[in-house]
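J.: Feature annotation from TrEMBL assigns coiled coil to 45-90, 141-168. Marked as transmembrane segment by TrEMBL: 198-215.
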Amino acid sequence: MSVLPDELWRTILESGIRSLSLNHRDLCCKSLYQLRFERDRMRKLAAHRREVLRMESLIADQERKLQAIKDRSSAEKDKLNATLSELSNLQRARQASVALTVWQPEVIRCSQKQIVEQCMVPVNYRVNALQMEVKLCKQHLLRFDKAYRDAKEKLQAAIEKLESLKYHPLRDYQFTSSAPVEFNESIKRKMLKLHLSNHKAFGSVSLVAFLFLYYDFSLFFMPYSPQNVTIII
């Protein structure tokens, strides 16, 4: 093929380009292909690095959102507890105002009168306002709880995606559980048993061979006598 003229090679390459059967790997020399390969490789590495940074930024943003939701939920819980405490005091003041209409000992009557005098606004109006505020706080807590669960799911998905992006099958290959270690220990025990059995078999074969050799040598060095001749079948 190297003896073909350049004009014929040019014609072949042009026909290959027109038929879309040849690409830059077939038309360029090795150095140009290596440069393009390195350029594509660096481009892919840069894109992968940008994706990793984007996922890390998304994880940090989701963590900030989770912390903000926690703070708002904690503040709303404190507000709900304060409202419930005030509502309990107003309920006690209402009971004291009702108890003032009937006869009671003077000590109890004075304490209940002090409770009623501490309320600057009508008890019924304030109780209704506090009940509405309690309902509103509970709705806010439900909404914060739902937003926290959604943000938690997004954070978990982002963490899993980041782990998949950072995973390298050759660099991260290692035994992380105790099952492979137990498996290796069982293999070692089996290999040891096989080694010992081979030694035992080799020892028995060596013993038999030694007995045969001893028997042959005894026959060879034994003085000839008709009584010493035995026939082995």
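Placed from the backbone N, Cα and C atoms, the Cβ positions cover glycine too.
Help me understand the surroundings of these features in the structure.
T.: If you take every residue in the coiled coil (45-90) and average the pLDDT, you get 90.
Here the coiled coil (141-168) has Cβ contacts under 8 Å with residues 48, 51-52, 55-56, 58-59, 62-63, 65-66, 69-70, 72-73, 76-77, 80 of the same chain, all six or more residues outside its ends.
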